[in-house]
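Now, the feature entries from TrEMBL:
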type	residues	note
DOMAIN	1-74	domain 'Ubiquitin-like'
TRANSMEM	81-101	transmembrane segment
TRANSMEM	113-134	transmembrane segment
TRANSMEM	155-173	transmembrane segment
TRANSMEM	185-208	transmembrane segment
TRANSMEM	229-251	transmembrane segment
TRANSMEM	257-277	transmembrane segment
Amino acid sequence: MEIGILSTSGGKQLATLTVDPNSTLKELKTQVHRLKSHLYPDRQEFRQEPRGKGLDENKTVAALGLKDQSKLYLKDLGPQIAWKTVFLTEYAGPLFVYAWIYTRPWLFYGEDAASQPMSQVAHIAVICWVFHYGKRILETLFVHRFSHATMPVRNLFRNCAYYWIFAAYVAYHVNHPLYTAPCQIQSYIALGFWTVCELGNFSIHWLLRNLRPPGSKERKIPRPTKDPLTLLFNLVSCPNYTYEVGGWIAFTAMTQCIPAGLFAFAGFYQMAIWAIGKHRAYKKDFKDYPRGRKAIIPFVL
């Protein structure tokens, strides 16, 4: 049977493929790549309508109800970059930027800055910051299993700008010679809460890793394990985001720094959007999904 491949932009005919009804869309992408060398598989997205939803590449032609002379629309997603590369670039940047400002204050505050005493909170803050992004880098290398191999390369610059600029903004204030730290009790309580959130975030990432077999895109309902830090799954669909936001709120309280608070708020806003989307997808894909769960904030959102 023959399937026509049209562009989502203007409906231009890109190719006509001879396929078997049991062929998957992934196999069709390989055929398109042979005909259009710049359209490598990760750059392609098939749709049944020009403005429709992207189709699962593991679906077969027959499963989609396509017949001889049917048409599929192909969207060019643009040049792609591996998610692992994206994460490593995003996370290495803020680690380096913050440490650079901390270790070389004279470059940012003048030559006399190096001789000025630095608060204990500033020393603790840099340890927390480096630990957090070092943890993210190690998780990217050894823990995360990505459901999508790539993302548009254009997004890399936006994402890096967000992380790198905020890192410089926070580091500049916390390490400033005129920075005034909060009382020790406040900082130590916040540090304890930050530590719990970091451990909780890792526990959730480890659970999600073990939920998906290597090399597959299988989806299951995540449920708590014997690790008590995973019990948050009883209340929210994305406890990794809950712990992440909690960690940055704790960092803000520990440093009592307005730029850190802005970073926490911006992160919460974006993660709330992601969490709501994932929460809706869970409920749509799993009819027996726990009804009591919220997206990111227990009992609220």
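Along the chain as shown, the residues are counted starting at 1.
Each residue, glycine too, has its Cβ placed from N, Cα and C.
In TrEMBL, annotation is done automatically, which means it is predicted and not curated.
Across the domain 'Ubiquitin-like' (1-74), DSSP classifies residues as 14 helix, 23 strand, 37 coil.
Residues 81, 86, 89-91, 93-95, 97-98, 101-102, 108, 126, 129, 179, 257-260, 262-263, 266 of the same chain lie 6+ residues outside the transmembrane segment (155-173) yet bring a C-beta within less than 8 angstroms of a C-beta in it.
Panel annotation: around the transmembrane segment (229-251), residues 125, 128-129, 132, 190-191, 193-194, 196-201, 203-205, 207-208, 222-223, 260, 263-264, 267-268, 271-272, 274-275, 278-279, 282, 290, 292-299 of the same chain, lying at least six beyond its termini, place a Cβ under 8 Å from a Cβ of the stretch. Long-range contacts of the transmembrane segment (81-101) within the same chain: residues 107-108, 126, 129-130, 133-134, 136-137, 140-141, 144, 146, 148-153, 155-156, 159-160, 163-164, 166-168, 170-172, 175, each at least 6 residues beyond the stretch ends and with a Cβ under 8 Å from a Cβ of the stretch.
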